[in-house]
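Marked as disulfide bond by Swiss-Prot on the basis of experimental evidence: C5-C21, C12-C25, C20-C36.
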Amino acid sequence: EDEECAKTDQICPPNAPNYCCSGSCVPHPRLRIFVCA
């Protein structure tokens with residue numbers, strides 16, 4: 001169940017920081033989405 005993590009700037013679920021390799025999902029500066037830090 002250990003899937004590949006999302007790289008920087010990939011879209012991520014706001015409530016799932018561990019979805020990202022960095023463990024950080026942040027709001028995109030311009031778009032109304034969340035991306036991995």
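Along the chain as shown, residues are numbered 1 onward.
Here the Cβ of each residue, glycine as well, is placed from N, Cα and C on the backbone.
Sequence features, as recorded in Swiss-Prot, placed on the structure.
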residue	record	DSSP class
C5	disulfide bond	coil
C12	disulfide bond	coil
C20	disulfide bond	strand
C25	disulfide bond	strand
C36	disulfide bond	strand
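Here the Cβ of C12 (disulfide bond) has 22 other Cβ atoms within 10 Å, regardless of which shown protein chain they belong to. For C5 (disulfide bond), the nearest neighbour among the listed disulfide-bonded residues (C12, C20, C25, C36), judged by C-alpha distance, is C20. All protein chains considered, the CB of C5 (disulfide bond) has 14 other CB atoms within 10 Å. Only C20, C36, from the disulfide-bonded residues C20, C21, C36, place their Cα within 10 Å of the Cα belonging to C12 (disulfide bond). A simple way to gauge crowding: the CB of C20 (disulfide bond) has 22 other CB atoms within 10 angstroms, across all the protein chains here. Every protein chain considered, the tally of other Cβ atoms within 10 Å of the Cβ of C36 (disulfide bond) stands at 20.
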